[in-house]
Every structure is written in structure tokens, then in C-alpha cells.
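Heads up: the structure comes next, in C-alpha cells.
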Amino acid sequence: MSDTDTNTDTRSGSGGLRTPIVAVLGHVDHGKTSLLDKIRGSAVTQGESGAITQHIGATAVPLDVISDIAGGLVDPDDFDLPGLLFIDTPGHHSFSTLRSRGGALADIAILVVDVNDGFQPQTIEALDILKRTQTPFVVAANKIDTVPGWNTQEDGPIQASLDAQSDRTRERLDERIYSLIGELSDNDISSDMYWQVRDFQHNAGLVPLSALTGEGIPDLLTVLMGLSQRYMKEEMEIDTTGPGSGTVLEVTEERGFGTTLDVVLYDGTIRTDDTIVVGATNRTIETDVRALLQPRALSEIRTEKQFERTDEVSAAAGVKIAAPDLDDAIAGAPVRVVRDQTLDAVTDDVEAELAEIAVETDENGIVVKADTLGSLEAIANTLQETDIPIVRAEVGDVAARDVAVATTADEQRNRVILGFNVDVLADADDRADHEDIRVFQDDVIYQLVEEYEEYVAEIERAQQDTVLENIMRPCTFRILDDHVFRQSNPAVVGVEVLSGTLHRNSPVVVFDGNDPERVGILKGIQSQGEDLDTARAGESVSVSIDGPTVGRQIKEGDELWTELPEKHAKILEQELRADIPADEREALSRYLDKRRNVDPFWGK
Ligand SMILES: Nc1nc2c(ncn2[C@@H]2O[C@H](COP(=O)(O)OP(=O)(O)OP(=O)(O)O)[C@@H](O)[C@H]2O)c(=O)[nH]1
């Protein structure tokens, strides 16, 4: 195959209408890859060779092939959009990369949900992003062939499959579908079987299907085409020959080409002699395109490293750009071709877009690293909504300098790095260990945030425990009748602990009238000849009290208290009430009542 030749016809839109960009989202293992493979596979079997075009990070399926697969559900004469461009998001968990100027890169999305598994963390996260970016979507209720008793109708429309099922099997499927509709509704999305939906702008259509057997796939393609044609036609009217605009999906090293960008172009054209401006960490890169690369026809981008060069690519398309100086470019960043406008104007444009995504940082807070600009933006949003301050937010793996920033934090809760879908470099790992910096990693944003919140709660609990350890605790106890073992120096008496916990070395008071009177210090606790540090409510023990003489300051039957300093009483009442046992709370209330009889503001 020649070095420059490639069929650009399906890569560019015709008549000024570009191909709608479709993203496939969903929880891990719910079938995203299988669904795309099935669509690709059906396209290859149905159409003539070359009918679909493999792009970098995307697959284009032209209208006539969609019509072939949809078997009569799609009449090409009813449509003037050129087909659909599916982004190969599987593997890129952070589909939030898929941003473009002003919103989502994908014009439309398929949310894949396993009918047996229902909503899972990444389903909810995907839905949140779809809602936030207001991306229209279809729900693919996948794996219907696993419903017990299923009678497969290979590659057919869903109605034919449903008609072929027994009543019992239909019921089983319905149960699963209704529970999906319920879960969608719990997440504020009203939905129904796609054929029941009249207003797709306010209701999500559900397509039951199997990515394995292909049944329901004709319906999925029909709905996608219909929605695009109906609601997106205007947005698809672009000047395909204008200067290109795109989003970086990935920054990769390519042998012979150095650092390259996998880009999805959503507007205009890019050519080999173009100058481009690309977003990087805290700056923009201006460079000249050295080569535009596409996979060889029908090759698998992830395994096949052989590319072919092309002179120009028009939206919507996926393309690999080789150019000098791309090392600092970041996934999710904008790419703009400089043509018609000056370099300065385009640079301003890219800077403005980067500024829009930039995370506002605080003076104190945690360090956040993410794999792409889009995911960084999404995680920063979540953290800000939860009032978690951020001191540094950047795209890239966790590096030693991130640990260095985290070590400057005063509070333990800020000596933390959250890594979303990134690696921790070895030296950073060592240093974090050494400096006692906690690093959390996850590929689901809200799980990452939850892990951090649990950690903070743990720190708070530990801090409370130390406070509790250093604080006097309320306790009341009664001297038992006929249990005076020694009058004084120290007085030794038998007592019953009424509420709270008695500790050694506590000051002891009696309430004589209203005022508390310190009578001495409780020196020791004994039970059956053994020395104890504490005695709990309900226990009877003998205690030695340094200070009083039985018969004078204290006597049989008296109720005694451990003395609470005012400051401790205040902390106990205002901060730790929930953390102390019920009997202690009761002792505290009674103690406070007694003190407040004399001074209403005591301990407030
Ligand atoms: N029976 C049945 N199995 C399916 C179907 N779709 C996917 N699977 C199986 O489910 C497993 C996961 O499917 P994938 O397509 O790899 O899932 P994914 O969502 O792309 O997973 P990641 O790319 O890892 O996020 C594989 O073993 C598939 O064969 C289906 O419709 N029916």
C-alpha cells in the first residue's frame, strides 16, 4: 500500500455535514469493547471491504453500512448525515477526556449496562458526566442473551428476538429492564423502551441488546442515527475545509516518530503543512505537523503499530499527529490548526480554553493528579462540591515533586495525594513512604473521594480518642453502708459506681448544697485484692481516697463525683457527647445541672 494513499471519503463529512461522534461508556466488563467489536464485525461482514474505516482511536461506519446492518430499519434516503464515528473509549476509563470547546467531544453516547449487574460505580459516574455535559444518550441494556431460557435470534432486530421468547423469559427480561428504569430514575433520568419514547430530549431510550449475539444492534444503530439526524443536524453543519479543531485523546511514544498525539478532530481540516497550537501543562505548544498518521485499513490500533501517512484529514476523524516538541502535551487538551487566523489569536484561544478547565487552587489543601485535563476537571468539581481544598492539581503521574508539595502541609488531612487513573513513580512512592504522605489511587472518581473522606474520618476519630484520653470524664459513685475499711490517710471505702467510669488519680468532689467541694484525690481502686486502673458503672470496688476523713468530709451513703474542670466539661458536652457512653452522658448532664444551678453559664 502506498505511503500517502488512504481513503478519506468516509473520514470526512459530505455536503458540509460532519459525522456525529459517538462515545461508548459504561462500567468495566459490561460490554463496551464487545459492542464496538460487534458493530465493527457486522460492518465488515455486511459491507464490502473498506466499508468501515479504522481511525486512530475511532471507527467510522458510513450510512449505507449502518443501513445494511439495520436491515430495513434505516432507509438511507431518510438521512443526510454521513454515518457515525465511534470513539474507542474502552481502555480509556477516563472518558471525561472527551471534552471539546464548550462541552463534550461526543455528540451522542451509548451507556452500556449489563442487565444482570445493573448500575455500578462507573455507570453512575458515566451518567453524571453525561448529565453535566448535557450529552444525549441511549442506554444499551446489554447481555440479554444471558437471561435464562433465551432463544437467540442472531443479529436480528429486538422485536424478532422478543417474539421468539417464551412468556417466562420475556417476564425475566422485563424484570431486569424495569429495575434498570428504576435505577435510572433514582439518578434523575426518566427512561423507557426506545420504541415507547416520544420525546428523546427529555427521556432516555433503552435498547435491549446482546453485544455477543448481535440481536438489538440494528435497533441501537437506528436510534443513534435517528437521534443524530433529528436533534444534531444543525450542529453537524460545519466548514469541513476550515482550520481544524480537535481534542487530544492520548499522548504516546511512537517508534520513528517520537512523541505523537492521538487526536479526535471535531471541526475543520488538518494538513501536513499546518502549524498547530496544543495545550500543555501551564503553557501552549506551537509546532509544525511533521506527519499525519492513520492505521492501515482495518488494522487494530491497539495491537498494530503500522501506520500509513495521509496528507489531510477532515472532521469528524481520529488521527495521529507527529510533530516536534509534543512531550509536554496533555490528554484532554485542545489542538488548533493555525490558518485564516494569526498564531497569536489561535494561541489566545487555546489559552482561554485551558484557563476554562484550569482548577482553582487553595493555599492549603491536597494534591490531585489525573490522567487527562477532562478527568482533572471532573475530580476537582467533585472535591470542590465536597469542600475539600486543593493545593495543586495537574495532569500526569504522581512524581516526587508532588510528594514535596504534600509535605509542606501542616494538617495531616492535607498530607495526601489523590491519583486518578495515574501511576505513582517509584521515587515518589519511596519518598511518600518516608515522609508519611498518603497516596490514594482509583479509577472511579467518587470512590477516590470516598476513600479520602474515610481517611479524614479516621484521622478525626484518632484525634478525638487522644482528646478523650486526656480529658477528665464524669463519674458518680456511692459509698456503701458498712464498707468503711479505714477512716483516713487515706480513707478506704467500698463504693458502687453509679454511672461513668472511675479512674485512678481523679480529684473527688461532693456536692454539699449547691457548691462542689473538693474532698481529695482517688488514689487507688481494688477489687478482690487486685489493683485496677478503672471501674465501670455497675461495679462495686474498694477505693482509697487521699484527703478526707470518713465521718467528716464524707460518710457512708454519700454520692461522690470525680471533678470535671470547666474546660473539659465544655469539650465533652459540645464536641464529644456522641462519643461517650450513655451512662457517662447522663452523669455529665447531672454534673452540668448541679454546676449550672449556681452559675447558669458554667461550661458554656
Ligand atoms: N453473554 C454475553 N456476554 C457478553 C456480552 N457482552 C459482553 N460480554 C462478555 O462480557 C465480558 C466483558 O466484555 P467487554 O466487552 O470486555 O467489557 P468492557 O465493558 O469493554 O470492559 P473493559 O473494556 O474492561 O471496561 C467479556 O467476557 C464478553 O465476552 C453479551 O451481550 N452477552
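Glycine too: its Cβ is placed from the backbone N, Cα and C atoms.
Unlike curated entries, TrEMBL annotations are predicted automatically.
As given in TrEMBL:
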DOMAIN    17-232  domain 'Tr-type G'
BINDING   26-33, 88-92, 142-145  GTP binding site
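Taking the features listed in TrEMBL, we show where each one sits on the structure.
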residue: G26; record: GTP binding site; contacts (Cβ under 8 Å, 6+ apart): K32, I110, L111, V112, V113, Q122, T123, A126, A140, N142
residue: D29; record: GTP binding site; contacts (Cβ under 8 Å, 6+ apart): D114
residue: I144; record: GTP binding site; contacts (Cβ under 8 Å, 6+ apart): V115, W150, S161, L173, P208, L209, S210, E215, G216
Cβ packing number for K32 (GTP binding site), 10 Å threshold: 25
